[in-house]
Amino acid sequence: MRRVLCNSRKMIWSLLAQAPVSLAYYKSSPSIYKTKPSTPLNRFSSGFLAPISTPAIRVFCSKPGKVGSMASSVLNQGSISYLTQREAAEVDETLMGPLGFSVDQLMELAGLSVATSIAEVYKPSEYNRVLAICGPGNNGGDGLVAARHLYHFGYKPFVCYPKRTQKPLYSGLVTQLESLSIPFLSVDELPVDLSKDFDILVDAMFGFSFHGAPRPPFDELIQKLINLHNYEQVQQKSPVIVSVDIPSGWHVEEGDVGGEGIKPDMLVSLTAPKLCAKKFSGPHHFLGGRFVPPTIAEKYKLCLPQYPGTSMCVRIGKPPQIDISALRENYISPEFREEQVEVDPLDQFRKWFDDAVAANLKEPNAMALSTTGKDGKPSSRMVLLKGVDKGGFVWYTNYESQKARELSENPHAALLFYWDGLNRQVRVEGSVQKVSEEESEQYFHSRPRGSQIGAIVSKQSTVVPGRHVLHQQYKELEEKYSKEGLIPKPKHWGGYRLLPNRYEFWQGQTSRLHDRLEYSPQEIDGKLVWKIVRLAP
Ligand SMILES: NC(=O)C1=CN([C@@H]2O[C@H](COP(=O)(O)OP(=O)(O)OC[C@H]3O[C@@H](n4cnc5c(N)ncnc54)[C@H](OP(=O)(O)O)[C@@H]3O)[C@@H](O)[C@H]2O)[C@@H](O)CC1
Ligand SMILES: Cc1cc2nc3c(=O)[nH]c(=O)nc-3n(C[C@H](O)[C@H](O)[C@H](O)COP(=O)(O)O)c2cc1C
Ligand SMILES: Cc1ncc(COP(=O)(O)O)c(C=O)c1O
Ligand SMILES: [K+]
């Protein structure tokens, strides 16, 4: 297996030169509250943002060093393989023959891939009404399956299925849709101009078995999709076209030969893209059909991207160009009022922390730590919260690092939690002390042995000649401590504890009128209490 990293996680950050201000960026998981994109451009950005939060896309090639010597028909563009019409049919036969798949299985997975690709880019809150136009073959079947999944994802699907196939698989799919009260529309019932009644048009008319020129009634349906581009000029918002596997009417290998065919906004290639996909120039190209076994990949020398996590689809090709200045979310959250909050900010923090854990956010204990040395220039970095109680907020690090140097010069710091999916931010400020040596010892030995060795190897924040140096030292120490037994904690590794003297809880709201509640200590009758005030957003 050869792995080629072809699209790395987007790094957003840039810099602020010289000014005594510092920035850090940390990406956590996707939104949980429904955030409604506020500008038309953001419709793309919401689709664009999703891949940022997914792991890097890797391309897996079946044979090392074989890219140049691939079967001539399996062409390559940017490390992705493209299939001819004949190969696509052969793959189909192999899957459903010797490899033991049934057409029902593959169609279910293909349709699910289409639905999840759509959902990654076009949110149901904005693109709700879907018309699936289904053809007589398996491509049409994929469309029927996708319509069912889209229904369950919160869309309102309609189906146009003019040439029904009299096979139990297809009649079953129709019954399933009817049981969900999904309307079936005949060609005559469709409006002349599809743009007013639908937000998404799923083109599932023809797949890789298409040949010749489209026959009725599909010629007329394809023309309706082509006409949309004309309506687009007079309409402000036009529906998007999502083609399943092949843009219908396009030559399976040559693409849109006359240049007058449909121009889909999204193409979901199934199993592997067919040659015509090279001519696709829309903003969203996805691959679905996460069922290709290695034997097929090897036989056809397929270079396909790795699917991220448990996803049924993966973006191929570049994400659309976006205007950073137009990237924004409109936060929609429950109200956050003075009457609801805990008297003690620590209790309030615990409540919100529990919410972040319950919402399954990635690393809810990740926090930005900002420090300043005697030069007054701030610096920030992420650290992990490892404990919180009346005594303060604890994290562990290297006592000879930049942050440690700054804390020795100025024992005041700020912590920042950002819980993306909940539209929440918490600021905690206070004075910092080292934790006791026993506490550090105890925590150090609770860490995985690899991280313990890592802490010995890393002279944090100093210059290293290359990564091999770290890995060589790691290997040597791994050998040294290969037998069970204690790995000694380096003297220069341990914890810090921040004792808060200010908290702020921020809940994002619409029109930037966020809720901000600040806690600061106040003496009343000789007793320290937390005063709560609301700050302007
Ligand atoms: N592993 C895989 O590969 C998987 C494949 N899957 C899916 O299967 C798709 C391929 O399906 P498929 O073979 O059933 O063919 P498809 O393209 O849907 O249409 C055939 C029908 O169209 C008709 N027709 C043809 N030309 C026409 C014309 N000019 N005008 C009018 N009609 C025309 C043709 O009629 P005929 O010409 O035979 O009379 C026949 O009825 C593939 O693209 C993918 O979406 C996934 O489900 C799962 C995994
Ligand atoms: C999510 C996340 C958590 C981190 N947690 C820690 C941590 O708990 N302790 C630590 O020393 N470094 C941690 N790091 C690395 C720091 O951000 C930083 O690179 C390192 O501590 C050196 O910072 P300094 O040179 O400013 O001292 C983490 C990084 C990330 C992205
Ligand atoms: C260098 C370094 N030290 C310490 C930590 C804290 O994490 P843990 O103690 O769970 O390994 C991290 C976490 O990313 C880290 O990167
Ligand atoms: K199609």
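Just so you know, glycine gets a Cβ as well, placed from its N, Cα and C.
Marked as domain 'YjeF N-terminal' by TrEMBL: 88-324. Residues or ranges marked as (6S)-NADPHX binding site in TrEMBL: Asn138, Asn139, Gly140, Gly141, Asp142, Gly207, Phe208, Ser209, Phe210, His211, Gly212, Ala213, Asp245. For Asn139, Asp203, Ser248, the entry in TrEMBL reads K(+) binding site.
The closest partner of Gly212 ((6S)-NADPHX binding site) among the binding-site residues, by CA position, is Ser248; the full candidate set was Asn139, Asp203, Ser248.
Other than the site residues Asn139, Asp203, Ser248, same-chain residues with C-beta atoms no more than 8 angstroms from the centre of those residues' C-beta atoms, the K(+) site, are Ile133, Gly135, Gly140, Gly143, Ala204, Met205, Phe206, Gly207, Ser243, Val244, Asp245, Ile246, Pro247. Ligand 1 lies under 6 Å from the Cβ of Asn138, Phe208, Gly212, out of the binding-site residues Asn138, Asp203, Phe208, Gly212, Ser248. DSSP assigns Phe210 ((6S)-NADPHX binding site) to coil in the three-state reduction, placing it in neither a helix nor a strand.
Per-residue pLDDT, averaged across the domain 'YjeF N-terminal' (88-324), gives 94. Non-local contacts of Asn138 ((6S)-NADPHX binding site) by the CB criterion (under 8 A, 6+ apart in sequence, same chain) comprise Val103, Met107, Gly207, Ser209. Neighbour counts of Cβ atoms within 10 Å were compared for the binding-site residues Gly140, Gly212, and the top value is held by Gly140. Selection of the binding-site residues Asn138, Asn139, Asp203 by a Cβ distance under 6 Å from ligand 4 yields, in sequence order, Asn139, Asp203.
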